[in-house]
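Participant: This is the structure, below, for whatever I ask next.
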Amino acid sequence: MIAHFLCILSYNVNTFVILNVYTKLTMFCTTNSLPMDLLLKQGSLKQEVESFCYQIVSESHDQKVGILQSEDEHLQPSVSKNSEGELSRVKFISNSNKITTFSKKPKRRKYDESYLSFGFTYFGNRDAPHAQCVLCKKILSNSSLAPSKLRRHLETKHAAYKDKDISFFKQHLDSPENNKPPTPKIVNTDNESATEASYNVSYHIALSGEAHTIGELLIKPCAKDVVMRMFDEQYSKKIDAVQLSNSTVARRIKDLAADIEEELVCRLKICDGFSLQLDESADVSGLAVLLVFVRYRFNKSIEEDLLLCESLQSNATGEEIFNCINSFMQKHEIEWEKCVDVCSDASRAMDGKIAEAVTLIKYVAPESTSSHCLLYRHALAVKTMPTSLKNVLDQAVQIINYIKARPHQSRLLKILCEEMGAQHTALLLNTEVRWLSRGKVLVRLFELRRELLVFMDSAFRLSDCLTNSSWLLRLAYLADIFTKLNEVNLSMQGKNVTVFTVFDKMSSLLRKLEFWASSVEEENFDCFPTLSDFLTEINSTVDKNICSAIVQHLRGLRSTLLKYFPVTNDIHAWVRNPFTVTVKPASLVARDYESLIDLTSDSQVKQSFSELSLNDFWSSLIQEYPSVARRAVRVLLPFATMHLCETGFSYYAATKTKYRKRLDAAPHMRIRLSNITPNIKRICDKKTQKHCSH
């Protein structure tokens, strides 16, 4: 039988079919008790016949069989442990010279230039090429290099070009865009993309201060509807993989806040110095909340950021405040020696003796200074006024509160204002906390004086004030002066406001006050538009007593502002404008003054001074003029106002409401009050597993 089989392999190899080979090999292995799985272990019989060349050797005495791979020597048939006993009768390499081979190689199609008429060029090896469409760049297998298959692709995928001749495709092939090498494109998996999208949505939820449930209840359904209308339902279903449950959004926000905090700590560790701004207030649940902001130089600018937002567990004393800040510093290994200034308001918990926070900070940071909010100084200064004007202000507030404290009265006033065609339909509430809006409150009251005269009950004791022209003249003046003071106050708020900015505004206000007082003495009221229009309306003049009270108020206001903002010889004037310095400033040593001379002699630096803000100008010179630039930045680092803390508590109150009393608002404040954008890609890379489950 063996001789018969070898004869068939020798003389009839060209006429064999795979079925005959398989049948005879099976019979041979069965007769000689050989494991058939050795021949078929690597896959199907078709794959074995195409990949291997079997060599069967027959010896008349022991009938040993050898199997030898012809080309793919790295593919060795694997043998199970159960066949080890029979492996002695199988040789993979035979030393016998009596070897007859049988092989079948896969067919390789060649590329023909005529295939370009179907819009196809070749890709890869010229001997074994793949077909590539010149229109859509799709790559087909070697077996697709047939005119019928190429024509089918052109007619089905690019029917608009099926009648084009070969010159069209040749021109398209030779275009510069097609000659560019293919760029590998890294595509995220669905889980990775869904996780990143979840972080992005959570980031915007935290920025808006909305509840976590808005992600699953509103954002995801809206996103699905938009995608379904703009694309199709298949893409809309992919949005289901984005995790936006309540707990998931909460975890995402904590991860984002942690990433921002990590970046901030790294910046503070490498910066030259920083200043602090701190304040404390109570939230809706009664907890004392501490907000601390930090101001530091990073790259070529001065940045402001939230350092920490913590709830004080015990009494909100200075010692407790200091311990909270100090714990954060020690935990993150931030050096206190870099602190140059601490800004606070004038409350007892924020400033005081050794036991208070500012003093304790100055104890661990000996070179640090302390400063008070300049807006608070301004608020104290404007409270001083003559008795006649103070009485009018108090009576105006009583009229407003009489209506605003009674909802029914407010509704009736609204109806009356609408019927009379008034521009406004409600009064503005005045409180001591909202002193910044006092000008708007008085202006609104004066504008609705006619409607209030009709509305007010004659039994109300202050109803006669609305018919008293002297009272209305004083009210018009107060509305004008408080509007002007509010405008000055608002101009001193915002980010990156320096001490120079505040004192410049105060200097301007002092000059205006003297000008206004002189104008009133000359009975010229053009500086006060509301008062001037009212005088024109009633065709009257201002009584001398009223003029005297106005002049007294303006001069007294100027004197009070000079007390809180004294005009002194500024030793840091060279920081404000280094190009006006002609004599060595007392605050600079000789070496720094020489550097300042070099700086002011540079024409490019002079041009940048007119283009950049003061903070950015000095920060950009750190590399070129390090000594004098660092001294200037140190002068610019202290906070001038408590604007950031006031804004922060407003955001805190809007985030942690009575409906969300159990919320940990610290991560939300970190995201909402920070200028640092979290690195979502870095956060996702830290996740070892990215599941689409909630």
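Keep in mind that glycine also has a Cβ here, set from the backbone N, Cα and C atoms.
Got these off Swiss-Prot a minute ago, pasting:
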ZN_FING   109-165  zinc finger
BINDING   C133, C136, H153, H158  Zn(2+) binding site
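Tell me about the setting of these features in this model.
Facilitator: Secondary structure at C136 (Zn(2+) binding site), taken from DSSP and collapsed to helix, strand or coil, is coil.
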Participant: Please give me the CB contact count at 10 A for H153 (Zn(2+) binding site), counting all chains in the structure.
Facilitator: 19
Participant: Which ones in the same chain are close to C133 (Zn(2+) binding site), with CB under 8 Å and 6+ residues apart in sequence?
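Facilitator: The list for C133 (Zn(2+) binding site) reads G119, F120, I139, L140, H153, L154, K157, H158, given in order along the sequence.
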Participant: Name them in sequence order: residues not among C133, C136, H153, H158 whose Cβ is within 8 Å of the mean position of the Cβ atoms defining the Zn(2+) site.
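Facilitator: Everything else in range on the chain: G119, F120, V134, L135, K138, L154, K157.
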Participant: Summarise the model confidence on the zinc finger (109-165) as a single mean pLDDT, whole number.
Facilitator: 85
Participant: Would you mind checking how many other C-beta atoms are within 10 angstroms of the C-beta on H158 (Zn(2+) binding site)?
Facilitator: 16
